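Scroll down for the structure; my scribbles are underneath it.
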Amino acid sequence: MKDLLTLEHLSAQDIEELLDLSENLGEIVDRPIKKLPTLRGKAVVNLFFEPSTRTRNSFELAAKYLSADVINVQPSGSSVEKGETLWDTADNLVQMGIDAAIIRHKVSGVPQQLAQMVSIPIINAGDGMHEHPTQGLLDMLTLRQAKGRIDGLRVAIVGDILHSRVARSDIWALRALGADVVLIGPPSLMPDSFRQLSHVTVTTDLKEGLQGVDAIQVLRLQKERQTGGDIPSLWEYRARWGVTAHSLQWAKPDAIIMHPGPQNRGVEIDSDILDSSRSWVGRQVRNGLAVRMAVLFRLLGGAHNE
Amino acid sequence: MKNQALLLDADAIRRALMRIAHEIVERNHGVANMTLVGIRRRGVPLAHRIAANIGTIEGEVPPVGVLDIGLYRDDWEQRPFSNVDATSLAPNRINGQVVVLVDDVLFTGRTIRAAMDAVSDFGRPKAIQLAVLIDRGHRELPIRADYVGKNVPTARAERVYVKVQEVDGMDQAYLERDGKGEDA
């Protein structure tokens, strides 16, 4: 494995091996000394061309806990602002000895293109509306911990499916691992292409969609990606697709709640649900760190990295 | 054709682990403030068996921790990628405690060097001791075992295998060397 670009193109075995490794590295977060020598002498760069707090910090800490050095490149204040292309930026970093690059970009497919141009491992930290593979992995790890398995689960993803790279990574991973997926959201935010997929059910009706589900992934309503007219109003969105104490009754009694964050409390999910014992959002964040340590170790550890 | 020579059968392994348990208790004047740490994989069942033996001797079973040294290897850049198993060590079981590392075979000493680094990340033990079922020599670091089931003189190219019930379905230790006339 040279890069981590998508979950769509990973086998179930690849995904499961990454989940096992993540599970085993998770305890590092609890250690009194969170500094392992594993990636000592390696340097990684965070190339974030879109705002991010959690994901960038999570990658940075994951690299640091494994003793890699980390630099952060953001477009403002860098040569990118002066018109340098991404390829030149990347090539300069490679010339300086960077061993891996973590990239987030608003354009789908940029990490793939970068991976073809440079020899170092590229990790996709979210590209446009395409994929966010480490988020997908941490969601799978959380589900597996909560339910003991993924095979045979019924998992709902609620919200703005159209703009969501999280939904896409989740869908590919869930299908690969044998789960059934229910996509629920406003018709204007539901891509038609998902209706053709096996093991995927599409509905606009929250009550119908939540019947019998083991877990609910609540997506953030991405206000910055709403070009206008997709949803009538935040109030109506909440009334029809908001996950509340009321709508939660329709799911299985032991269904868990997940959310990739950041949350709009009172819009797509109510505060009391988010803070309840059924919420696994804290564990998702924790698992994110484990997954990112695992991915860095997987891509940078070992001589014959096939 | 490969030549195999039996080093220890199941009974010999059982006796060796009982003797090691006695030696640990004798040297440390009991089991107070002691933790055994099994090194993945086969060191783990061996640590549990030694702990159980100590329990029959002293009436108190010392806690057993589990350590995978994969993240501390000094040679992973020369090896294909391999997964890392879970480590479970509680800092309060390390700080001020006598930590007895348990592994199946002591060879170059590099695994033990890595294990000592790992243990130190969890706390500051009062002492670290080492118990191995087989010491086959050829050390590359200044490391020695405190408790040894059997010393086995070997040639460097020979291989020593320890099989344990919990992992392999049988208890046995044997030496393997390539037979004469074998195709390369």
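Note that Cβ sites are derived from N, Cα and C of the backbone, with glycine treated the same way.
Automatic prediction, not curation, is the source of TrEMBL annotations.
Database features, via TrEMBL:
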DOMAIN    A:2-145  domain 'Aspartate/ornithine carbamoyltransferase carbamoyl-P binding'
BINDING   A:Arg54, A:Thr55, A:Arg104, A:His132, A:Gln135, A:Gly261, A:Pro262  carbamoyl phosphate binding site
BINDING   A:Lys82, A:Arg165, A:Arg220  L-aspartate binding site
DOMAIN    A:151-297  domain 'Aspartate/ornithine carbamoyltransferase Asp/Orn-binding'
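Site extent for carbamoyl phosphate: among the recorded binding residues A:Arg54, A:Thr55, A:Arg104, A:His132, A:Gln135, A:Gly261, A:Pro262, the largest C-alpha separation is 16 Å. With every protein chain in view, the residue among the binding-site residues A:Thr55, A:Gln135 whose Cβ has the most Cβ partners within 10 Å turns out to be A:Gln135. Counted within 10 Å of its Cβ, the other Cβ atoms near A:Arg220 (L-aspartate binding site) come to 20, all protein chains included. When the alpha carbons of A:Thr55 (carbamoyl phosphate binding site) and A:Arg165 (L-aspartate binding site) are compared, the span between them is 14 angstrom. The secondary structure of A:Arg104 (carbamoyl phosphate binding site), as reduced to three states from DSSP, is extended strand. Under the three-state DSSP scheme, A:Pro262 (carbamoyl phosphate binding site) falls in the coil class. In this structure, A:Lys82 is the one among the binding-site residues A:Lys82, A:His132 with the smallest number of other Cβ atoms inside 10 Å of its Cβ. Sequence-distant contacts of A:Arg104 (carbamoyl phosphate binding site), defined as residues of its own chain at least six apart whose C-beta falls under 8 angstroms from its C-beta, comprise A:Leu47, A:Phe48, A:Phe49, A:Glu50, A:Ser52, A:Thr55, A:Arg56, A:Asn124, A:Ala125, A:Gly126, A:Asp127. For A:Gly261 (carbamoyl phosphate binding site), the nearest neighbour among the binding-site residues A:Lys82, A:Arg165, A:Arg220, judged by Cα separation, is A:Arg220. One residue stands out among the binding-site residues A:Gly261, A:Pro262 for having the most other Cβ atoms within 10 Å of its Cβ: A:Gly261. Of the chain residues outside the carbamoyl phosphate site list A:Arg54, A:Thr55, A:Arg104, A:His132, A:Gln135, A:Gly261, A:Pro262, A:Ser52, A:Ser58, A:Ala125, A:Gly126, A:Val166, A:Pro260, A:Gly288 have their Cβ within 8 Å of the site's Cβ mean position. Under DSSP, A:Thr55 (carbamoyl phosphate binding site) is assigned to a helix (H, G or I) in the three-state scheme. The candidate set comprises the binding-site residues A:Arg54, A:Arg165. Of these, A:Arg165 has the most other Cβ atoms within 10 Å. Residue counts for the domain 'Aspartate/ornithine carbamoyltransferase carbamoyl-P binding' (A:2-145) under DSSP, split into helix (H, G, I), strand (E, B) and coil, are 62 helix, 25 strand, 57 coil. When the binding-site residues A:Arg54, A:Gln135, A:Pro262 are screened for a C-alpha within 10 angstroms of the C-alpha of A:Arg165 (L-aspartate binding site), the residues that qualify, in sequence order, are A:Gln135.
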